[in-house]
Amino acid sequence: MFALRTFAVLFASLSALAAATPLDARTNPTTTVTVTAPASTATVPAGQCNVSNQQCCNSVEKASSGPAALVLGLLGVVVQDVNVLVGLDCSPITVIGGGNGACNASPVCCENNSFGSLISIGCIPISL
């Protein structure tokens, strides 16, 4: 009988403790991104961009625009300069692989702030 009461008290105590534990800190981490490239709509030659940073993006927008802000929010990314350009749905521009360095969308040079091919932060348009 004593063991049953001890178990009941222990179970009730642990249940109350689990219910009082906040989940927000574990489930919603944020990432702050500081972009060193200025927000620019000027086009620069591809030769001024590191080859590994050249991207072909389906859309290039300011971080404050609707689609970009939505993706950044869902990823938990906070961009300090909301006027910085971000590329959405990007892929690397490479000569290897038969692409001949071509881009049928928006060629940009982005900092190494990317989240897969979903979004690249700190982009500047380039001319190929």
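For all residues, glycine too, the Cβ spot is worked out from N, Cα and C.
Copied from Swiss-Prot, the annotated features are:
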type: DISULFID; residues: CYS49-CYS109; note: disulfide bond
type: DISULFID; residues: CYS56-CYS103; note: disulfide bond
type: DISULFID; residues: CYS57-CYS90; note: disulfide bond
type: DISULFID; residues: CYS110-CYS123; note: disulfide bond
type: CARBOHYD; residues: ASN50; note: N-linked glycosylation site
type: CARBOHYD; residues: ASN112; note: N-linked glycosylation site
type: SIGNAL; residues: 1-20; note: signal peptide
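Features per Swiss-Prot, on structure.
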| residue | record | Cβ contacts under 8 Å, 6 or more apart |
| --- | --- | --- |
| CYS49 | disulfide bond | CYS109, ILE124, ILE126 |
| ASN50 | N-linked glycosylation site | CYS109 |
| CYS56 | disulfide bond | CYS90, SER91, PRO92, ILE93, CYS103, ASN104, ALA105, SER106, PRO107, VAL108 |
| CYS57 | disulfide bond | GLY87, LEU88, ASP89, CYS90, ALA105, SER106, VAL108, SER120, CYS123 |
| CYS110 | disulfide bond | ASN53, GLN55, GLY87, CYS90, SER120, ILE121, GLY122, CYS123, ILE124 |
| ASN112 | N-linked glycosylation site | ASN53 |
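Here the disulfide-bonded residues are CYS90, CYS103, CYS109, CYS123, and the one with the most other Cβ atoms within 10 Å of its Cβ is CYS123.
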